[in-house]
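Here the structure is laid out as structure tokens; the discussion comes afterwards.
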Amino acid sequence: MALTLLMVVAVLGNVASMSLYAAPTVTFKRVIRKKSTEEFSCIPYIIALMNSLLYTWYGLPVVSNKWENFPLVTVNGVGVLFELSYVLIYFWYSSPKGKVKVAIPAAAVLTVVGVIAIVSTFAISDHRHRKLLVGSVSLGVSIALYASPLVVMKKVIETKSVEFMPLPLSLSSLLVSLLWMTYGLLIRDIFVAGPNVVGTPLGILQLVLHCKYGKRREKEEPNKQNVHEEKVDMEMGHHKDGNVPSN
């Protein structure tokens, strides 16, 4: 029964995570269409790439005991493909200065991950200490990833608008955090559960902000629509009584 529950949570976690990985494709379609990165920052995607690389390595038999963390390999392996694609697209359409800003942190990330992989493979002989090293670094990187939602939430509070925090994305983030926190607790792995213990309350906070400022936006939309319609009427030269105004 416990094994079945674990597999169900792992499969649901994989599906939810993959949909979350795919979410930025809309942004990068825009980058490709406009052939410009505009004001987007690549740093969150580089950090996400590092996170996916580390957790893929963490789940492989070199670090974990056999295939005990196989679900981590599948979901983060897909994450590596998505995040690497985003970074490469960003690099391709960046200005010369922008390319440097992408290349330096990306090279640093790959170097750090490479060093951790080499040390954990050749300098540490047992799985327990390998997991401790790779898991600790992965945990720190995962928590750093939550700096991005915090910045967005701060903007929501300042502007009193959820325009830059889409509800589907907030719901998906919460679902992913809940599923992987559950999975981590079931296998009693702090390095899997830990980041999502942080992510779950942040996801709930995002929904609270949607409840608070989402209704405000709904009230403002009809007013904006009315103003727009009146402006169109005036441009067409019509009053409410149907008369054409004289010049």
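Quick reminder: no glycine exception, Cβ is built from N, Cα and C everywhere.
The region 'Disordered' annotation in TrEMBL covers 218-247.
The feature transmembrane segment is assigned by TrEMBL to 6-28 (among others). Among residues of the same chain six or more beyond the transmembrane segment (6-28), those with a C-beta under 8 A of the stretch's C-beta atoms are 40, 45, 71, 74-75, 78-79, 82-83, 85-86, 89-90, 169, 172-173, 175-176, 179-180, 182-183, 186-187.
When Cβ-Cβ distances below 8 Å are used as the criterion, the transmembrane segment (40-58) is approached by residues 24, 27, 31, 64, 69, 72-73, 76-77, 79-80, 83-84, 86-87, 90-91, 94, 101-102, 105-106, 109, 112-113, 116-117, 120, 131, 134-135, 137-138, 141-142, 144-145, 148, 191 of the same chain, each at least six residues removed from its ends. The transmembrane segment annotation in TrEMBL covers 40-58 (among others).
What TrEMBL records for 70-93 (among others) is transmembrane segment.
The feature transmembrane segment is assigned by TrEMBL to 102-125 (among others).
Residues annotated as transmembrane segment in TrEMBL: 131-152 (among others). Within the chain, the transmembrane segment (131-152) has long-range Cβ neighbours (under 8 A, six or more residues past its boundaries) at 44, 47-48, 50-51, 54-55, 57-58, 63-64, 116, 119-120, 124, 164-165, 173, 189-191, 194-195, 198-199, 202, 206.
Per TrEMBL, the feature transmembrane segment maps to 164-184 (among others).
Residues or ranges marked as transmembrane segment in TrEMBL: 190-209 (among others). Residues 58, 69, 72, 131, 135-136, 138-139, 142-143, 145-146, 149-150, 153, 156-157, 162, 165, 170-171, 173-178, 180-181, 183-184 of the same chain lie 6+ residues outside the transmembrane segment (190-209) yet bring a C-beta within less than 8 angstroms of a C-beta in it.
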